[in-house]
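> I am attaching a structure below and will ask some questions about it afterwards.
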Amino acid sequence: MAGNSLVLPIVLWGRKAPTHCISAVLLTDDGATIVTGCHDGQICLWDLSVELQINPRALLFGHTASITCLSKACASSDKQYIVSASESGEMCLWDVSDGRCIEFTKLACTHTGIQFYQFSVGNQREGRLLCHGHYPEILVVDATSLEVLYSLVSKISPDWISSMSIIRSHRTQEDTVVALSVTGILKVWIVTSEISDMQDTEPIFEEESKPIYCQNCQSISFCAFTQRSLLVVCSKYWRVFDAGDYSLLCSGPSENGQTWTGGDFVSSDKVIIWTENGQSYIYKLPASCLPASDSFRSDVGKAVENLIPPVQHILLDRKDKELLICPPVTRFFYGCREYFHKLLIQGDSSGRLNIWNISDTADKQGSEEGLAMTTSISLQEAFDKLNPCPAGIIDQLSVIPNSNEPLKVTASVYIPAHGRLVCGREDGSIVIVPATQTAIVQLLQGEHMLRRGWPPHRTLRGHRNKVTCLLYPHQVSARYDQRYLISGGVDFSVIIWDIFSGEMKHIFCVHGGEITQLLVPPENCSARVQHCICSVASDHSVGLLSLREKKCIMLASRHLFPIQVIKWRPSDDYLVVGCSDGSVYVWQMDTGALDRCVMGITAVEILNACDEAVPAAVDSLSHPAVNLKQAMTRRSLAALKNMAHHKLQTLATNLLASEASDKGNLPKYSHNSLMVQAIKTNLTDPDIHVLFFDVEALIIQLLTEEASRPNTALISPENLQKASGSSDKGGSFLTGKRAAVLFQQVKETIKENIKEHLLDDEEEDEEIMRQRREESDPEYRSSKSKPLTLLEYNLTMDTAKLFMSCLHAWGLNEVLDEVCLDRLGMLKPHCTVSFGLLSRGGHMSLMLPGYNQPACKLSHGKTEVGRKLPASEGVGKGTYGVSRAVTTQHLLSIISLANTLMSMTNATFIGDHMKKGPTRPPRPSTPDLSKARGSPPTSSNIVQGQIKQVAAPVVSARSDADHSGSDPPSAPALHTCFLVNEGWSQLAAMHCVMLPDLLGLDKFRPPLLEMLARRWQDRCLEVREAAQALLLAELRRIEQAGRKEAIDAWAPYLPQYIDHVISPGVTSEAAQTITTAPDASGPEAKVQEEEHDLVDDDITTGCLSSVPQMKKISTSYEERRKQATAIVLLGVIGAEFGAEIEPPKLLTRPRSSSQIPEGFGLTSGGSNYSLARHTCKALTFLLLQPPSPKLPPHSTIRRTAIDLIGRGFTVWEPYMDVSAVLMGLLELCADAEKQLANITMGLPLSPAADSARSARHALSLIATARPPAFITTIAKEVHRHTALAANTQSQQNMHTTTLARAKGEILRVIEILIEKMPTDVVDLLVEVMDIIMYCLEGSLVKKKGLQECFPAICRFYMVSYYERNHRIAVGARHGSVALYDIRTGKCQTIHGHKGPITAVAFAPDGRYLATYSNTDSHISFWQMNTSLLGSIGMLNSAPQLRCIKTYQVPPVQPASPGSHNALKLARLIWTSNRNVILMAHDGKEHRFMV
């Protein structure tokens, strides 16, 4: 899914808990979470309460093979990170608090054990992971980036390591790694902090190698209590060794011929050893094993038989002898919480966790009686105890009489074009149902609960037993008929269905086993094969079934082993089949002949050579874990391809690919705001359905449909401003004329979209209807079966209704809840909704049902939450208290959607959805019933205008139609519409600013600043605005102390840029020589393998990797992302809360120095401003760095830099080259008009248009924040430019310079300044006039006059224009008058007054110029020369001026001190060629005659 899409999963688990055959167990350091990995590749997080009660919280998807080991990966108490490894060599770093995957990698080797090791370098703590497995060394991996740093290697008899332990030495700085190889040789490596910090790949050899004759070693553990003993457990005996010289102290055989699988020290004198059938034994060690006793080592050297310790102390047994598929996994942990528990945790193949608390029993002198289990729970039990039961997607349609279990769904496919979900069930029936409607039934309460068999659906019956797979070929390739749906079952048959009529078209019975997979051949196969689908069955056969000819054109059935992979060589007409034994069969498709069968390396090469690998995950047939990664690369993600707007990398291979080249192109939008993906954790499980909501696509769809509604509201300025996404302070830049053009374009694109995507709304042209009828034979209409349009409803609004109802925090504000239910039409959830979280590389965490129920019976004063949610218990409270990442995503989604709905006309979910034909927006042909009347938008000052104001209410035909019956039809629609918008506004405000207070800080998990920072310039304007509002609200909420913490946390990641900022004029080659190493390579640093993943934007592109030099320049994704985030976060804090921001001349309350964050102080007064300088350097670097593949011209990070430079210009100004920055911004918006002219309503802007828009906004902000800086800088550039232009050599490229191309933009900003900051403009009026003269075409001014070309400047009384000889007079602050001659482009200055000039005016015949200054109270008359040559302007002679008269005038008093009236004190009006009136602002007149 595109780099930055905001995609939220909601999961419907169904009543049967997923299979979870546990293969690894871990207890986190804080003792609050148990982590289990299973053989199918999922990881489950279980909450453990202080009373040792367990509640399953989430299931993490991402591994494609069985989990082999788990380890903690972080030692700090605030971060709970774990690392997992699977059989296929994948390693993932997870955040336990919310299930996010932080980093992942894939190695060519399988780890069987990982140990975390932390050491200190100076004052920094570094984490390392020591991994061992099916390879003859120990790999040392960085715990944050998962990069392999170096390895510990054996010189003597290298072999696989079976287990390993780290011995920490408190006396010396050296730590020891002790490992046992498979052959029973003990290896010792010494690891020092110097070695650990080394970055080279030199291996480290062992210090010691000693055979200790321990075969089949299962575990090795170091005694933390005595710091002297080692326990080695082998399958048939266990032994204790002295850690000093590895001499044997004691040994114990296995009990009753059982096999030991592990052990650990319970205390200094007790060990616990467990067997493979789940029993555990505690032994008391003899005194000779205890360093504290006098007889320590007294038995060394005796025969092994004499070293057997006393009989076992306590026997622990499982209470119920369940039959298990494989041995349970047992581990011993001692927690370090307030209650110091020693826990034995065991997980088994049925997904059950058992816990024994050993602390209290270790002291009892007991005999062999069993110790009772403290707690035991399985996933299925956790599901069963919930009321209501966890819902499946079509439970209400799958009720079996006299059974409380519904029919299981065994195969599913979603058809996004129709919004239909097709579910195959275990009884052979197939149900087609509208996905949003059936999800609403399962998740939300409403009138649908009273109807049986709701929503209307269709059932196809044809298979005799379970349906195993479904395929909708048209979705994969448009070459297939869109009516056809293909199903395969356990009855060996493949059936073609017509989904429109519901009839069975054909049955293929060619296989001799159940159908396991249905595939689509690639595009470039032969014409005959193109109309086939490929079916794979469990009798090891593959068929090509032609949908056109209705026959099997080829059956390949000689394979001896199960089929693992199907590949294609269309060019050679080959079908390549890979089997589970490694053999490969090559079949000719046309003839059906077996071309060859090969094994070994040739087989591998053949498979690799098939370029056209059909994206069936390599082992999807043999391995049951159809996890998200595979789903994402298979048809299911041909399904999700719709969400993956324009970048879907091959996640199956985890290759990090860069598609920087794409970034400039406008992404292709699919319009699927909802995707339904069925996943199975195990082949035997029923389907779990995950609904993926793509927030951006949903917003686009809502706006697109809104734009297609033919009401004049579209042209209202409010909406246009919305369209331009202008959060600009400068007004809308779309004028009425362009709006009409835009409206036309919008209608065209909308028509296309609606035709394409809303077929079920039967709102199509007659042509489509006719076509549809022809396609679907006469019986299509006559047959009694309903057509596919089972229920007519608005798919987009339904999706929004479902999503918003699930996200809203119910029960916190009763008044708002009422508004949501009655006015907005949202529905309350039945029970807590299980959301998910997508993270990097298609990894996903899904909340298990009941995740928010406390695992404890009664702890910390929490009362047991009723299983049924009482009305008061807010369902939404659950999601905002889960984790910070979840809160961030949910708040972003709900605020951006609420803002979108608010900008629409009467966007309420109350409609006639439940009835058959709903009221529809009028067709384009129907005239609008009443023209929209806009009333001024009501303003709410929440979050200083960051939350959008309620849009002006607009009447449309639809608002009457949509009235729910409760209102009298006469109630004015205008009012309803206004109330609806106000409702959305309140909803957005509550989630943006009031949640922490309503929920209480103990429950509320605040949003993550860094996640919001990364969306500061999100591609989707609504999400961008929501992120900015949320981030600013959160920064305000945490107040100064919190902001200081954020700065301290992120400042170390801020890249240290060099001071040479590259001006746009400098070529990139020159730039490279200016910069200093190592930063020169910075922006190029490995951004190549940038990965556009599901969660974060390409904000990392182009960030330097130059963290403090003692660390190696890490190029890991996370590191680069942190740098980008640091720049944005510090930029926002600096810009919004930085040094005193006081716009000149406008008296605002100066910020008290205590409010300024440390590091962002003013340059004066000795305050600390280092951070402001570094942040400013980073921002200007990103703006001015020439475009390169590593930092594309319109990347998100560059756009963010533009935005922040504009926002915080007053903070950054002292440290930046203002001229370079302004020119850089002008360069970006030189073509803004062109870019922004062709935007389509609702769709995100193209990256180029977005950059132009941001640059334009930044320029307006800079100009209004510091008008003098802007005016003087641009005037200086203009002078420099004109001087260059005079130099003939550089003439040819003058018109291509930035300044020349951005003339329109400069004029736009000057106009804003004249409008908003007239006083500043008057102070520098001559410079402003210089800029205007440069930007306006001389010929145009001559033809039309200044008044028409640039009316704004003519408002000033100190500017006068004489049309006949094209002269402009401008009065300056220091008493001089500048005279411009437009024909020659020359300027001449005359000095005549001591103070600022108040007014100037040319006489009607142009012979005289009158100037007046209020300060020195003089009016002067100047005579223009009347010589013939001068008047013709020959010889470029400047006009001769002389002062012919000066009069004294009593001064005019301003109306009120300090007001703008100072600019309008008096004006000069010529009544004839010789008479002039000085008109004061209060109406007094003084007449003068020349």
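Any Cβ shown, glycine's included, is placed from N, Cα and C.
Positions annotated as compositional bias 'Basic and acidic residues' by Swiss-Prot: 768-782. Swiss-Prot lists 936-945 with the feature compositional bias 'Polar residues'. According to Swiss-Prot, the phosphoserine annotation covers SER935, SER1456. Residues or ranges marked as region 'Disordered' by Swiss-Prot: 761-783, 911-945. As annotated by Swiss-Prot, repeat 'WD 1' applies to 17-56. Residues or ranges marked as repeat 'WD 2' by Swiss-Prot: 62-104. Annotation comment: Swiss-Prot describes 156-199 as repeat 'WD 3'. Summarising the annotation, Swiss-Prot assigns repeat 'WD 4' to 324-366. Summarising the annotation, Swiss-Prot assigns repeat 'WD 5' to 404-443. The annotation repeat 'WD 6' is assigned in Swiss-Prot to 462-507. The feature repeat 'WD 7' is assigned by Swiss-Prot to 558-597. Swiss-Prot lists 1351-1390 with the feature repeat 'WD 8'. Taken from Swiss-Prot, the feature repeat 'WD 9' applies to 1392-1432.
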> Kindly say whether the repeat 'WD 5' (404-443) and the repeat 'WD 6' (462-507) touch, using the definition of 3 or more Cβ pairs under 8 Å where each pair is 6 or more positions apart.
yes
> Which one, 62-104, 558-597, 1351-1390, 1392-1432, has the most C-beta pairs under 8 Å toward the repeat 'WD 1' (17-56)?
62-104
> Within the repeat 'WD 4' (324-366), what mean pLDDT does the predicted structure show?
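Across the residues of the repeat 'WD 4' (324-366) the model's pLDDT averages 79 on the 0 to 100 scale.
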> Counting by DSSP secondary structure, give me helix, strand and coil numbers for the repeat 'WD 2' (62-104).
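Output for the repeat 'WD 2' (62-104) reads 0 helix, 23 strand, 20 coil.
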> Using DSSP, tally how many residues of the repeat 'WD 7' (558-597) sit in helix, strand and coil.
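Counting residues by DSSP class gives 3 helix, 22 strand, 15 coil.
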> What is the number of residues in the repeat 'WD 1' (17-56) that are helix, strand and coil, as DSSP sees it?
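Helix/strand/coil tally for the repeat 'WD 1' (17-56): 0 helix, 21 strand, 19 coil.
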> For the repeat 'WD 5' (404-443), what does DSSP give as the number of helix, strand and coil residues?
9 helix, 19 strand, 12 coil
